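> Per TrEMBL, domain 'Deacetylase sirtuin-type' is recorded for 184-476. Residues or ranges marked as Zn(2+) binding site by TrEMBL: CYS320, CYS323, CYS344, CYS347. Residues or ranges marked as region 'Disordered' in TrEMBL: 351-384, 477-507, 551-576. If you look up TrEMBL, you'll see 355-366 marked as compositional bias 'Basic residues'. Here TrEMBL flags 477-487 as compositional bias 'Pro residues'. Residues or ranges marked as compositional bias 'Basic and acidic residues' by TrEMBL: 495-507.
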Amino acid sequence: MASSSASDIPVQANEGLEPTRTLRALTSHEIFVLQVRAFLEAAEDVDIDPETVEDLMQSIPNDFPASEEFVGPGRIIDPAEDSDSDENVNFPEEELDISALYSVEDDAQQTWTEREVKQMMHHLKERGMVFWIKEYVLTRNVPIPKLLRAFGISLCEQLQNKKPTTLLYFLKVALSRELRLRDRLPQYNTISDAVNLIRSSRRILILTGAGISVSCGIPDFRSRDGLYASLKDRGEYDLDDPQQMFDITYFRENPAVFYSFASQIYPSNFIPSPCHRFIKLIEEKNQLLRNYTQNIDTLETLAGVQRVLQCHGSFATASCLLCRRRVSGSEIEADIMRQKVPLCTVCKPPAAPPPKKKKQGKKKTKGAWDSEDEDESDQPAYPPGIMKPDITFFGEKLTDAFDKSLAEDREQVDLLLVIGTSLKVSPVAEILSHLPHSVPQILINKTPIRHINPDIVLLGNADEIVQYLCTELEWELPPPATLPPPSSTVRPRLPRGDSKKDLRTPEQEGYVLKAPQRVGDSHVWLFDGAEGGRWLQELRRELAAAAQIPPSVPVSGTSTRFSSPGPGASAGETSTVYRKREFLDVNEEERVMKKVRSDRGSVMGRQ
């Protein structure tokens, strides 16, 4: 730990662009404040219970801006909205030297040997957080402050004496950070490698999101043309935020909002895409371990996939909010298509009057004697027994099925495919950090994902990519699902393109899919529809810089994680500076990922 006295160290200007600044050591008080802040901010990534929050808050000094920054367990104000927060701690204007927070080399080497640290990290990345804690905390009974030093974290004296549950939270923060630092498996780079992995693997775990259903005509939620933007533009409902349409409290008050658009995303309208059929094909070949989907459209089930876990629920069933009676989703389908609020047949009172719907949109001009509350009543606008599809709304808890399945699957998976998702919302976003790092990962998506580091990246239209892979595998996609009968209330929507043409194989149509373009000699391949943006530009610059390094200098496989070490860093090596910055600042990409997450596993995970 640094001493409380500050020493001034001059810092030279950067090429004459900045004046000379003074770098000083942190005081013990400042170290304590910064560590508390870092652990509280980490609640965005690691669940924190109210008791731990209270334990931390009790020791916070008066000048710590807790009331402004921390607003509850797991709810931290966005850093972009609080860019001046450091000023509230009353630090002097000179640049602060935060190295005392970590002292990685000294503390780690004095406490653990290099071999011991390596064994600990390997055990964590291959066995996962739960098994690691059981081994080192419960079985070996190693003090948590000592364990933290292996991760470069030296707790200040005030925090070393916290409650056991608080210390365990500190450890989980460190473990979570380490689990995100996956190194690429350099032996996998090409399309042929991807094909061989898919062909030879027997327990493939597939994560999917909205990207596999957009081609079917299902709108996403967050794009500029998505469902939220559409609802806002229409202005038919007085919403503070379009996301309220998936808020359970708002649904109970005015279910008509949800049912006004539910028909647009109801699965009977759509035909499974080639991606859905690709998953079914893998299952038919007895190679699918499980499909974790963030989608609520049940198109995986319509495609015939059996081993699927709908992480955010689905329209497959519906439940009464009053008596909790559960029925098949088909029982409320007719009401959904008519944009009518379905009622429970058991709870609905006989001869109930029709629900009174508030007038929305433009308000009529009021006279002098018109009351603002003339349309409001103390009575509910709808009778009891409202039916709700079993999709997870904000404010609702997930079942234990996800955690149970993941615990089982992490011991068996031998290949991970991530298709059509940006992995921004829990719980699916957390899966990668729980899987062994030795399991190969393939990303199939229109855009890159900066906060992960897959072994092979295939960017472009997901449907085209899986069809190309099937061609290379010499596999034939199964036929599309049988179309609903003509008496169906809504005409089915085929995947986007030239109508039924998209439901046929490239060979049947007499054309050959375009070969992808490789980015340099990297593991990244571009198909039609790829949107690499700044990430792709950075990768190309990195590859160009690596090409200029003399052959005698060893260079590991290119890393595409946003904050990974640059060219020249050895595999598994992360600089001390990066570790310090990541722990204190909470990597910006992780902030972005968690910003869209209000409640764990909410339906808004359709990214």
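Backbone N, Cα and C atoms are what each Cβ position is placed from, and that goes for glycine too.
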> Taking the Cβ of CYS323 (Zn(2+) binding site) as centre, how many other Cβ atoms lie within 10 Å?
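Looking across every protein chain shown, the total is 12.
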> Using a 10 angstroms cut-off on Cβ to Cβ distances, just flag whichever of CYS320, CYS344, CYS347 is the loneliest among these binding-site residues.
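Output over binding-site residues CYS320, CYS344, CYS347: least Cβ neighbours within 10 Å is CYS347.
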> Enumerate the residues of the same chain, CYS320, CYS323, CYS344, CYS347 excluded, that satisfy the criterion Cβ within 8 A of the mean position of the Cβ atoms of the recorded Zn(2+) site; list them in sequence order.
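Along the chain, the qualifying residues are LEU321, LEU322, ARG324, ARG325, LEU343, THR345, VAL346, LYS348, PRO384, GLY385, MET387.
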> Calculate the per-residue pLDDT averaged over the domain 'Deacetylase sirtuin-type' (184-476) and state the result as an integer.
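Across the domain 'Deacetylase sirtuin-type' (184-476), the average pLDDT comes out at 84.
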> Once the DSSP letters are reduced so that anything not helix or strand counts as coil, what is CYS320 (Zn(2+) binding site)?
strand
